[in-house]
Amino acid sequence: MLELFPSEDVSPLYFEQRLSRQGYRRIAGIDEAGRGPLAGPVVAAAVVLPPVFDLPGLNDSKKISAKLREKLFPQIRRQALDYGIGLASAQEVDGLNVLQATLLAMRRALDRLAQPADYLLVDGITPVPLPLPQKTLKQGDSRSLSIAAASVLAKVVRDRLMTTYDARFPEYGFAGHKGYGSAAHRAAIARLGPCPLHRATFRGVREYL
């Protein structure tokens, strides 16, 4: 089911509870991190939450501090019924386009679940191309706690990856900007040229190939 415009504010468990009453038992929230950066992968996460959990402060990962995301990360993994992480590389972003690479990362995250989901709650307006019942939610990471949990996992995993990549390519400062197009990052690309982590089709990179 495709939703183009958000409805009025409801409980952040409204969709999960409604679907549970309809008989769904493995409702996976899905979100991604890293569509916009000039470098690094797109990371997606799928999270199946239990009926009862305790994750204070859980919300859209972009609206909470890095410190709280790091605190929530192990709590979500511990309390979730299931979760999976999927990546699409910078080369796949270039070869497919960023939307298709994002959907690929989401499919890979779902493939990493121990048991298949029976319903998907997807952040955004583009369904995952799988034969599963699903609902897209614009601004879903602030409207569904399952999506919010996936948002946190995806963001933390991607930030940690970019910090690791900083050790391989320290001249670009990936640990600080995480691959986004900061002034310092753009200046480094102009000075040094792109590295293998950069997205060659993105403006701000392709000019220096």
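Glycine residues also receive a Cβ, built from the backbone N, Cα and C atoms like all the rest.
Note that the structure is a prediction, hence the values are computed from the model and not measured.
Within Asp118, Asp123, Asp159, the residue that Swiss-Prot lists together with Asp31, Glu32 for binding divalent metal cation is Asp123. Within 10 Å of the C-beta of Asp123 (divalent metal cation binding site) there are 27 other C-beta atoms, taking all protein chains into account. Take the CB of Asp31 (divalent metal cation binding site) and look out to 10 A: across all protein chains shown you find 33 other CB atoms.
Glu32 (divalent metal cation binding site) counts 28 other C-beta atoms within 10 Å of its own C-beta, drawing on all protein chains shown.
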